[in-house]
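*Asks:* Take a look at the following structure, please.
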Amino acid sequence: MQNEENKKVQEKCLLQAIDELGRGSKLLWIAFFVSAISSLLKSLHTMSYVFVAEIPEHWCHIPELLDANWTAGQVQNISAVDKCLKYDYNYSYLAHLGYENAGKYVEGSTFNTSLLPCSTFVFDNSKKSTIVNEWSLVCNRQLYRANTYFTYSLGKLLGTGILGVYADKNGRRKALIISLTLQTIAVPLISIIPWFWGYILCELLIGLSVAAMYSSAYTIVSEIANKNKMKILGTISDTLNPTGVYLLIIISYYIKNWRNLQMALSLFTIPAIILVWFVEESPRWLIALNRHDEAQKIIEKYRKITITLDLITTSAPLTSISIDHSIIEEKHQKSCAERYLGNARILFIDPIYRKKILIMYFSFFVCVMVGYYLIFNVDNFKINRYIFMAAAATTELVSLLTVSIILRYISSQKTTIILYWIASICMLLMIAIPKDNVYMMIGLTVIAKFSLSSTFTTNMLFSLKLFPSSIRNSALGNCILMAQVGSMTSPYLVDFLGQVAPWSPSLLCSSALFIAGLLCCIVPV
């Protein structure tokens, strides 16, 4: 009995010591710097798709005309219907005639000539080398381009799930080291691998490692920092996403080859490789598993005070030390799957909760899907890619800083509805405006992006208000997973739906945003 009592006293004292370290200590700052690098890496690899998978100018490869020393412009004038189709001419005969005579020969015959899909392509490699021209991911193979981002996003889901469960059972630090090891191998490997299937596999591993590394590092920080400090560190972590985009813009501006760009991104793992050896296991996680001696060694190392039983009982009476009781009660931490899906059954049994969660599923899905679509849609505009991405990053940064001010005057529900409808109007206007009107398109994109970046924050706050504390974490975790699914679908809006009818993605997004706003009006609060 005395032993049990002493154990409780030790546990409370250790938790109090963690709270003191969480106000500012070497233990906290090392973990935070690794978390910051993880956040930066997540941003760099997620947005690298915009530059690595850029679609260069391309046209059908006509070897007979090229062998006759025709210029690219001459080949296109004679053969091209569009970027994917060519006229079914006898090109050997046209090459023999020469360009001038060939032009006269085919003049007026285009209406009677059958069309053929291009089997091979010529790409304009003067500006940039991407995965698209390396593996001809255009026309009937354009969906393969979208598949690369889908695979990366799938990896992020698997990383959060598989290594998340591993982190809960075996420790955050071990999961962090495993994910960093995978990333150290996969990122340089993707820059040299010659096969498309190998590239896809590497994207899966990068997505898995990036998400797991970010999740593990962020969890360690959240389990060390106290609430006030965590608010500040969380805000800094959020701003690193647009910061990563700024860095990516600068790097990709000077590095035009996609393989060299991927190799350059691998250099950002070096600081994490160095720092990870100084990261300690989460003391709070160790305490939750009753590994008090290990937690005590870590705390004493950074607190510079030896915690003894005599010191505990004389200086800190049992009733005087405050503590988070949920940690005492849970002998083992809940697994990642339990945290996200553990109470999912309750969410669907109760009709009120079911209505709420289905509406929030749709809200999160649409918010992230359209947000990423706005970024990936840059390929369909005649816009400077670097200026466009800089504008998008600045918009996200401004939205992070201003949404808290907006929420002081308007509730999270009303803010979400208003922002959804503003974004919906912007998406609808994009259909009517010619793509050549670059500045108007950028303006509408910026407004819509600002609205959706802010909406993601208000969505999270709104969803927290909709559910009681007993199922709040499960509800929010479910919604975040649905948001990830939304990001996986966005490239297909560009590469599939946009090819079928150029106006259809904007119309679909506008309609979905309007419906999301409408559903937020009727959700039971």
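Glycine is no exception: its Cβ is also placed from the backbone N, Cα and C atoms.
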*Asks:* Checking feature assignment: transmembrane segment per TrEMBL, candidates 26-48, 233-255. Which range matches?
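*Replies:* Based on what TrEMBL states, transmembrane segment spans 233-255.
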*Asks:* Counting only pairs 6 or more apart in sequence, are there at least 3 Cβ pairs under 8 Å between the transmembrane segment (175-198) and the transmembrane segment (233-255)?
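*Replies:* As far as Cβ distances go (cut-off 8 Å, pairs 6 or more apart), the transmembrane segment (175-198) and the transmembrane segment (233-255) do not touch.
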*Asks:* To the transmembrane segment (233-255), which of 204-221, 261-279, 357-375, 387-410, 500-523 is linked by the most Cβ pairs under 8 Å?
*Replies:* 387-410
*Asks:* Give the one range among 204-221, 261-279, 357-375, 417-433 whose Cβ atoms make the most pairs under 8 Å with those of the transmembrane segment (500-523).
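*Replies:* Checked against 204-221, 261-279, 357-375, 417-433; highest Cβ contact count belongs to 417-433.
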